[in-house]
Amino acid sequence: MSEPKASTPTPGDMYKGWLFKWTNYIKGYQRRWFVLSNGLLSYYRTQAEMGHTCRGTINLATANIAVEDSCNFVISNGGAQTYHLKASSEVERQRWITALELAKAKAVRMQAESDDSGDDCSTSSPPPSGQGGGARNSEVQSTLRTLGSKVEDLSTCNDLIAKHGSALQRSLSELEGVRLGGETGDKIRQVTERATLFRITSNAMINACRDFLALAQAHSKRWQKALQAEREQRVRLEETLEQLAKQHNHLERAFRGATVLPASQASPAGEAKGSASVKGDASDEDDENEFFDAMEDVAEFITVPADPKYHKRSGSNISGISSEIGMDDQSLDEQSLASNPESPQSQEVEPVRKRRARIPDKPNYSLNLWSIMKNCIGKELSKIPMPVNFNEPISMLQRLSEDLEYSELLDKGAKCQSALEQLCYVAAFTVSSYSTTVHRTGKPFNPLLGETFELDRLRESGYRSLCEQVSHHPPAAAHHVISERGWTLRQEIAVASKFRGKYLSIMPLGSIHCIFEKSNNHYTWKKVTTTVHNIIVGKLWIDQSGEIDIVNHRTGDRCHLKFAPYSYFSRDVARKVTGVVADKEGKAHFVLSGTWDEKMEFSRVMQSSRGGENGAEGKQKTVYQTLRARELWRKNPLPEGAETMYYFSSLALTLNEPEEGVAPTDSRLRPDQRLMEDGRWEEANVEKQRLEEKQRSVRREREREAARTANSAEEAVIEDSITDSPLKSTHQDSYKALWFERCEDPATGEATHIYKGGYWEAKEQGSWEACPDIF
């Protein structure tokens with residue numbers, strides 16, 4: 001089989017070709033396709049796999065490259081990854097060594113530059129020359145970095161040329177001292193090979209020089225123009241400042257000679273003028289915001305621009321649309337919320353507590369995944385003890401409380417006059433709860449039975465939250481949130497999981513309830529399926545897929561959301577979410593679109609019609625004429641350094657922060673979780689095993705006590721009343737939750753745990769005698 005001829009490696013170019021990689025003592029060296037690009041060396045079984053399956057990748061910035069013999073070389077990044085490679089010839093090996101050394105040098109420089117640029121950005125000030133000057137400055141800086149990179153490439157090639165030139169000189173010297181004999185042929189062959197290596201490296205340096213000169217010639221004129229533009233702008237600024245100084249001096253002289261009016265005469269005119277100006281600005285802004293264009297097409301339906309009759313600027317039409325939509329921009333504006341005298345924020349006198357913004361960086365511990373996963377075969381995953389290496393330092397109760405990161409969406413929904421518009425905000429809140437999962441591949445700690453977690457954010461966000469673990473097998477947690485801004489949220493979530501080899505499916509069971517006090521609107525919905533891909537091989541990544549129906553039990557309004565599963569062959573945006581808000585008759589009023597990891601938008605439907613049978617599987621698509629989309633929700637940026645802190649959001653960083661006065665069963669007091677956050681993972685694993693064994697012994701004692709109870713008939717009645725619940729435990733247990741009681745939900749008819757009160761009163765009194773000893 002003929003080997004493909006790889007091109008001579010040049011700085012900055014992709015380099016690829018066939019190499020032999022050592023696999024094991026049975027198969028030995030196997031032929032693999034290697035690709036070097038952007039400082040990363042990846043390999044595949046065949047060239048066809050480049051589009052979908054990477055067998056392994058090593059970062060050259062931290063790698064060590066060592067030559068073993070004429071054709072073999074080794075690449076290692078400190079023990080975690082080591083590639084033993086063999087080329088077809090010494091010349092081919094040296095081509096790869098040259099390309100790898102160039103790529104490594106460039107990767108190290110880029111890493112150092114990114115660190116330096118991060119420091120510079122934090123201390124630098126914006127350019128004074130405005131947006132245009134900033135753009136030109138950025139372009140010049142980018143060009144300078146590119147030229148600096150080319151200079152470094154030249155320096156690296158120069159070192160290689162010196163190295164190979166010395167070797168060639170030694171070989172020539174040895175050749176001169178050899179007498180005619182049997183070793184003459186070997187020496188001549190060696191000189192020929194070294195001369196070939198020297199030619200390859202020389203070509204690389206020549207190409208780098210050519211690129212450097214081309215860039216310098218291409219940008220020299222642009223630099224001259226940019227410099228001239230900066231000079232002209234500076235002159236204009238100096239002239240403007242001179243004119244302003246003259247005007248200021250003239251105004252001062254005019255002010256000294258003018259007659260000052262009394263305050264009683266000057267104030268009314270000023271107020272009238274100011275009020276008229278503000279009113280005029282507000283009316284202009286309303287005119288701009290009242291009429292919209294069409295949103296982009298979505299998968300389940302088609303949207304087109306609304307008919308021009310809806311854009312006719314008549315007073316009756318404007319008032320009709322405004323009343324029908326029920327939108328009040330000022331009531332939903334965050335600034336107006338802050339300035340509202342009835343808002344709890346304006347009544348705060350004491351300063352809000354400053355929460356922490358960092359946790360210890362995640363340590364790098366290696367783990368044999370197969371030694372853990374082989375014990376999972378044929379068993380339920382929730383019953384298998386896992387080391388903390390798979391975890392993140394928060395519990396499932398804290399992860400459940402993290403859904404409240406965007407509680408301001410419910411605050412805005414509580415102020416809506418229209419139930420349909422309120423449903424849009426509830427839908428956005430539903431989607432926002434998944435935004436923190438896009439990078440979070442770590443598993444939260446399974447809470448111990450009776451474990452609790454409180455989240456008191458009355459002063460910051462106006463709500464209090466309480467979670468309690470009410471069942472262990474299957475794991476189930478009850479959650480209750482009460483807000484001073486007019487809404488209540490409660491849920492009981494149990495988790496069912498299925499391990500399918502390549503991926504793990506996590507299916508939450510149970511309903512979420514949201515009740516608004518002012519309108520008495522009661523909404524319920526369920527969560528979608530979470531899938532963790534590449535469990536055994538590859539990089540872990542998470543996807544959300546499924547459908548959600550949010551129902552308003554008072555009005556019958558409904559929002560249908562669809563989370564599209566990721567597909568490699570799909571042309572749609574990844575993590576896409578679409579939805580339609582309709583009344584009880586099924587008439588659509590709003591269309592929702594966006595992604596669950598970035599933002600959601602909504603558009604008002606002006607008219608809808610059934611389309612032709614051109615959709616998938618011959619189904620008809622609904623065509624909606626909509627106004628321009630408006631943003632409902634946008635994800636907050638992650639804090640600086642989140643990649644070393646488990647990709648926690650700003651709220652997640654504060655969840656495990658120690659706090660005084662919490663219940664002794666609070667997740668913050670869990671010792672194994674605290675040890676893991678501090679980076680002491682070995683001690684955390686020991687403590688985790690101790691707590692789990694303690695929980696098992698307490699459970700056995702509780703079951704023995706239940707068996708001795710003579711009131712079995714009463715227990716049977718209670719058990720029969722919860723038989724139909726999807727959250728029913730797989731075995732009977734006498735445990736009863738401390739802060740929640742099990743009853744039938746009036747809205748859904750499901751048996752669920754509802755908060756019975758008493759926790760916050762016990763906290764104020766400091767009386768925790770009823771709390772079990774679980775830690």
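Here the Cβ of each residue, glycine as well, is placed from N, Cα and C on the backbone.
Heads up, TrEMBL stuff is auto-annotated, nobody curated it.
Quick look at what TrEMBL lists:
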- 220-254: coiled coil (COILED)
- 315-325: compositional bias 'Low complexity' (COMPBIAS)
- 333-348: compositional bias 'Polar residues' (COMPBIAS)
- 693-707: compositional bias 'Basic and acidic residues' (COMPBIAS)
- 12-105: domain 'PH' (DOMAIN)
- 113-143: region 'Disordered' (REGION)
- 263-287: region 'Disordered' (REGION)
- 309-357: region 'Disordered' (REGION)
- 693-726: region 'Disordered' (REGION)
Mean predicted confidence [pLDDT] for the domain 'PH' (12-105): 84
Counts of helix, strand and coil residues, the compositional bias 'Basic and acidic residues' (693-707), according to DSSP: 15 helix, 0 strand, 0 coil
Summary of DSSP states over the domain 'PH' (12-105), given as helix, strand and coil counts: 24 helix, 43 strand, 27 coil
